[in-house]
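S.K.: Pasting in a structure now, in structure tokens, and then I'll have a few things to ask.
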Amino acid sequence: METPEKTASRPIDFIRQIIADDLRTGKHRTTVTRFPPEPNGFLHIGHAKSICLNFGIALENNGVCHLRFDDTNPSKEEVAYVESIMRDVRWLGFDWHDKLFYASDYFPALHDYALQLIRLGKAYVCELSAEAIREYRGTLTEPGRESPWRNRSVEENLHLFERMKTGEFEEGSHVLRAKIDMASPNLNLRDPVIYRILKVPHHRTGDTWCIYPMYDYTHCLSDAIEGITHSLCTLEFEDHRPLYDWVLDTLQTPCHPQQIEFARLNLTFTVMSKRKLLQLVKEGYVDGWDDPRMLTISGLRRRGYTPAAIRNFCHEIGLGKRESWIDMTVLENAVRDDLNATAPRVMCVLDPVKVVIDNYPEEQVEEMEAVNHPQDPAMGSRMLPFSRELHIERADFMENPPAKFHRLGPGREVRLRYGYLITCTSVVKDEDGTIREIHCTYDPATRGGSTPDGRKVKGTIHWVSARHALPCQVRLYDRLFVAENPEADKDINFKQHLNPHSRICIEAAMAEPSLTDLAAGTQVQFERQGYFCADTVDSQPGKPVFNRIVTLRDTWAKTQQKIN
RNA sequence: UGGGGGAUGGUCUAAUGGUAAGGCGGCGGACUCUGACUCCGCUUAUCGGGGUUCGAAUCCCUGUCCCCCAGCCA
């Protein structure tokens, strides 16, 4: 990992406690964990929690963490997803070394185990239709009924299963089921289907198979084959643990990993399910999986989030078993924290209005030195051209400012950061009343923004020289949803809570000229505005396009709200 | 209403029979050439009712509320 984690004092979570106990008692010498995504979509911030957990445990215990694709349903899976997942895990800063696996690698072994199950009398080929199986399963309160095919002979089952494999039967006509207990109060144990016929080519095994194993059967065996010590998953699989254990207890497997469940991540003002994210992409509400408003890993990356920020976030939120909602501000804070330390400061005027310094020589240009980071001198400094005509932020001027307004107004003095102190003398307006020019005078004794006479100036504002400014496109991103929980009301479609202002494009912001050749993907702080990143897709050489990652904390905006 | 989980300030996480702690948020203040950063202060909690105990968030009983499960998805 390139960045050391924040040493936040957080007690270890219940999973790490279990692991520490297992290590201490000698149950295990080391840890083998795994991150097992299904390649049917892009990874999102919720997956990051699991990635940081599993790979983090490996790092902490000198163990290993496998990356295993759970690719047992070829009708939903694609290589493109495999590639994006590998990229995202690497980008987050984790390394699976040579431990890259696919559940599909185990199809032959899984098939052998199925044969074993049949020979044990613990699995049978069932010819009930999908609907019939559902009916036979019973309900939450009533037991199920046994399938009429449940008591076939081992030989017949073997023969039928072979015929399923060779493609003799149609999809849906036959399945292989584990023979457990149709009366079990746990529905997962009512003879679950473990193999189904799917005449679909697989992205890795091609046409080799037309029967594919189900998750519950595959996952535990894959874990056992790989020698996983702790198999960590989310709460909804708690009910599946008895089945996980049944398969491994019934078959003679090399080991029996322990499944431990934890609560998935819920974040306010977003949706997390792959299905809903896919819907946003497919229906064009966002520009793709990597739209900077998406909380996918690729979206966060394009937005400008750093891997360290995401890792710190995953660490800060903790781990437990209760359903919890993490406030979006916690994520936003994590980037602010990281970028505050690492992002160079620059100036960019988002909503420009012209300032003319009447007593400044017409053709004169001065080079003003500006430090790149006020708390980190090692980041050096740069020179900013200063001239008679500048751009400042429209919001930094008010004709009739309220008491606490520390910025420019008629007769008021303000500091131009690293520039001069200027005082507003007059204003030029259009017919419609919008301000076109602000006229000022400057104090030559305040070069660089200093006050040799020691006078205090409340306000310091950012600016760029009009002649030297780099016009650029800036996208102001905000949260995608306006509702804290867009899925809360089942009668209201989550898309009705989309934020209509989640992206505001500014076509001609004015940036300081040093930004001209900023490399795409680089994060900077626009002073007094927020953290921005040169977009990796739309930036051109010499013509960067900026994404707002997150605003700076803005206490002025808060007090302003209170005034109104 | 069967089974499996869960309930600690606004929110997230600790305390593993012995002073209910910390982060985030919020509020107030200090500092400041970013109304940023940093620093300081404040605020608010053990789901209810019984019991065991010198002592209970923790153990027992009981009640309430919330989440998950009836895919040939994972």
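The chain as shown is numbered from 1 upward.
Cβ from N, Cα, C; glycine included.
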S.K.: Select from A:56-60, A:271-275, A:421-425, A:556-560 the stretch of residues annotated by TrEMBL as motif ''KMSKS' region'.
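M.R.: When A:56-60, A:271-275, A:421-425, A:556-560 are checked in TrEMBL, motif ''KMSKS' region' belongs to A:271-275.
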S.K.: Tell me which range among A:37-47, A:169-179, A:356-366 TrEMBL lists as motif ''HIGH' region'.
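M.R.: From TrEMBL, the annotated motif ''HIGH' region' range turns out to be A:37-47.
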S.K.: Which of A:Asn40, A:His47, A:Asp70, A:Ser273 has the fewest nearby Cβ atoms, counting only those within 10 Å, among these binding-site residues?
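M.R.: Minimum Cβ neighbour count within 10 Å, taken over the binding-site residues A:Asn40, A:His47, A:Asp70, A:Ser273, occurs at A:Ser273.
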S.K.: Roughly how many Å separate the Cα of A:Thr234 (ATP binding site) from that of A:Tyr215 (L-glutamine binding site), to the nearest whole number?
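M.R.: Roughly 14 Å, rounded to the nearest whole number.
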S.K.: In the same chain, which residue numbers or ranges, 6 or more beyond the ends of the motif ''KMSKS' region' (A:271-275), come under 8 angstroms Cβ to Cβ?
M.R.: 40-42, 44-46, 264-265, 295, 481, 486-487, 494
S.K.: Give the distance between the Cα atoms of A:Asn40 (ATP binding site) and A:Asp70 (L-glutamine binding site), rounded to the nearest whole Å.
M.R.: 10
S.K.: Near A:Leu265 (ATP binding site), which residues of its chain come within a Cβ-Cβ distance under 8 Å, counting only those 6 or more away in sequence?
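M.R.: The list for A:Leu265 (ATP binding site) reads A:Ile45, A:Gly46, A:Lys49, A:Met272, A:Ile317, A:Ile326, given in order along the sequence.
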S.K.: Please name which of the binding-site residues listed here, A:Glu38, A:His47, A:Ser273, is nearest in space to A:Tyr215 (L-glutamine binding site), Cα against Cα.
M.R.: A:Glu38
